[in-house]
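**Q** Pasting the relevant annotations from TrEMBL:
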DOMAIN    2-144  domain 'Ion transport'
TRANSMEM  31-52  transmembrane segment
TRANSMEM  64-90  transmembrane segment
TRANSMEM  110-139  transmembrane segment
DOMAIN    146-303  domain 'Ion transport'
TRANSMEM  151-176  transmembrane segment
TRANSMEM  270-296  transmembrane segment
TRANSMEM  339-364  transmembrane segment
DOMAIN    346-605  domain 'Ion transport'
TRANSMEM  376-398  transmembrane segment
TRANSMEM  477-495  transmembrane segment
TRANSMEM  570-595  transmembrane segment
DOMAIN    615-668  domain 'Voltage-dependent L-type calcium channel IQ-associated'
DOMAIN    678-731  domain 'Voltage-dependent calcium channel alpha-1 subunit IQ'
REGION    836-855  region 'Disordered'
COMPBIAS  841-855  compositional bias 'Low complexity'
Amino acid sequence: MCIIISSTMLAAEDPLNAFSYRNIILNYFDYFFTTIFTIEISLKTIAYGVILHKGSFCRSYFNLLDILVVCCSLISFFFSNGTFSVIKILRVLRVLRPLRAINRAKGLKHVVSCVIVAIKTIGNIMLVTFLLNFMFAAIGCQLFKLVVKSVLVAIKMIGQILMVTYLLQFMFAVVAVQLFKGTLFECTDISKSVEEECQGYFISYDDEGNPEISERKWDRNKFHFDDIGAAMLTLCTVSTFEGWPDLLHRSIDSHAENYGPVYNNRPYVAIFYIIYIIVIAFFMVNIFVGFVIVTFQNEGEQEYKNCELDKNQRNCIEFALKARPVRRYIPKARVQYKVWWLVTSHYFEYLIFAMILLNTITLAMRYNNQPESYSYVLNVLNIIFTALFTVEFVLKLFAFRFKNYFGDPWNCFDFFIVLGSLIDIVFEQINPHESKGKATVRPTFLRLFRVMRLVKLLSRGEGIRTLLWTFLKSFQALPYVALLILMLFFIYAVIGMQVFGKIGLDDETSITRNNNFQTFFQAILVLFRSATGEAWQEIMMDCADTRDVRCDPLSDEGSKDRNANCGSMLAIPYFISFYILCSFLIINLFVAVIMDNFDYLTRDWSILGPHHLDEFVRLWSEYDPDAKGRIKHLDVVTLLRKISPPLGFGKLCPHRVACKRLVSMNMPLNSDGTVMFNATLFAIVRTALKIKTDGNIDEANEELRAVIRKIWKRTSPKLLDQVVPPATDDEDYFRRFKKKKEERERMNNRDLEDTVALQAGLRSLHEFGPEIRRAVSGNLDEDNFENGPDWEPMHRRNHTLFGNVWSQLSTVKLRKAPATFHQSDGKDDHEFVFSRVQSGRQPRNNDNGRNNSNR
């Protein structure tokens, strides 16, 4: 909080007058916050140590950044009466204060680390790009230079590193010296072409044709190739595609040294610019962007480099752990239920879909100066559609009731649109003349947003749902990148206020009343414009230290000397660094985030991913409308058969095969015959992606529990035990089972009440082989069942899942018996038995020690 408030104080300073009353008040706040930050640094240094031992305070680069910011503030206090330049530098360094927030946000620190690693990674690319920039700059010097020696001196200073570049430059230089040799000078009087003639005054005409006397000046273009530094700056602006067409035509019109332009004198010079843009702007810059994206993705995986789970497995497990069942309201009243069934049916949604399309088309059919009859027809159609949507609102409100209806954001959205449409119709009918065009935003405008409801219907499609999922996941990952961009804008805006805030406003330059650094918000707008590349190079040159940059008369310097120069050569590194950081690096982090999630759109659809799991949550609500998080285990088979692979079994999967596949999952069964939401979803994910499904089940469970505790540290122990039962659960179960068995022997006339808490094996049955089988009244593979008069199923015959199953299983007899372990070939394999023990009867054991459910 102190960091945010103190940073806000920096943005509130007055850049024109350093000794204004506002700045004096803000200085007292600066003293207060600097004292707090100093105490914080001192306490942390005492608590963690200075630098000698591991984990000490000064061993973190982010902590060193904190110390630097605090020291700058402290030093500025002692030099408050010193020279103005020292104070100005220290005040500028205070803008680093918002960077202290990096050490407080883990996600932001991760993004910053990605940027730092990206900068380190792209060092070689930056070197090659610099060499190519130098080559083209040197060629430009040869084409439009005044002195050839500047190029030779620059090449000697760079040395052998530029040997290859020098050879290429020499090839271009020879051609340039022999053929081009131009300049970018011109006289303000276009009738004069040499500097000797460009003297005195001449008559010019303004835009309205009025004559005026002007002084002749021999001016050089803002961007030129007269020396290697200016050439590098010029080519840098060309690589950003800003202002290069004017420079191109100015170069084409160049004639000779110390001569003015001649129209279309050398059109072949365009080849130089074309080659440069292709090599640098199209090729090297995109390689730079590609390395940023790859580095961001690789850095994001560094945290899990020692993890056994890949990215897709982690995302699916995280979804299974964090997902919660959604409530689905189902009324009990007969009439209300029929209305509810109507408004939730697909046919009703398709009807509303068509109405929205037609309403959108009618809203798009209006145009200026339309006939009265045409307007009348559109108004009637508008009233009809509004009435239909009002009927929809009434039906849904009756079906869902007030609380459930407004509990859905989409319904609230529909309600406000309908309300706005009704208000618009009422106002138009009461006073039709005043309602036309006088309101800034008419309620009719809200109807245009009704088309957003189409997204809700389109989301039922697999492809659209995946695309929306990618958008939402990308949007969730953007806040830290956006926060880093905001910090970058904040720091540069405050620096711009301190350095360029006193520049006078002039409509003939880029520093105008709408584009300046005199206030914080204006500085933000200037930076945002520069980030989009809109004439940023013109703003840079108009802020540089030239003779044409004057101070604002209201500033403390401009009030003393009207001819004072408030420009600064810091404008060149200021704007170039901002453009590179913002446009080339930070903005591309957005692309990196989207590309990171875009993998799910192009991957193999047969591989289970997080974008498939939303369908499970939606269908679960049909069996668990109250969102209690548990359903009968019999419903799970039907639920999974409704879901297409890779998440579910599909409609074509036979029921018997579905049961076998369900047994192969690691899904615990509660004592009341229900399964939990997270446990079921986790079992599906674990089986589909084969996460710890080999080897001993207890060892695999313990390893998986350790991985979950390591990655998702905030997972509650209750949820962890629910999705991955600990190994001791089986031992505890058998102790409880033995105790119940003893009680059952003493009370022979009492039925067994508690269902056995079962846990299926992890490997599928075809991997286990014939050693392990699930016994439902014996074995599912056995078809010789007998009918008995006392047979009673474990669940109702008309159950939603097994309503048609009993006819398929014929005379299956279920007895409730404990889970047993069948010893086969010296290995312990799980065999599970579902059966019901009748009153007064005990389950019999065969010679192999297996509970037999057939009488």
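Each Cβ is built from the backbone N, Cα and C atoms, and glycine gets one as well.
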**Q** Averaged over the domain 'Voltage-dependent calcium channel alpha-1 subunit IQ' (678-731), what pLDDT does the prediction give?
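**A** When the pLDDT values over the domain 'Voltage-dependent calcium channel alpha-1 subunit IQ' (678-731) are averaged, the result is 84.
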**Q** Is the number of Cβ-Cβ pairs under 8 Å between the transmembrane segment (376-398) and the transmembrane segment (477-495) three or more, considering only pairs separated by 6 or more positions?
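**A** These two stretches do not touch.
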**Q** DSSP says what for the domain 'Voltage-dependent L-type calcium channel IQ-associated' (615-668): how many helix, strand, coil residues?
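**A** Output for the domain 'Voltage-dependent L-type calcium channel IQ-associated' (615-668) reads 28 helix, 3 strand, 23 coil.
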**Q** Please list, for the domain 'Voltage-dependent calcium channel alpha-1 subunit IQ' (678-731), how many residues fall into helix, strand and coil according to DSSP.
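**A** Secondary-structure breakdown of the domain 'Voltage-dependent calcium channel alpha-1 subunit IQ' (678-731): 37 helix, 0 strand, 17 coil.
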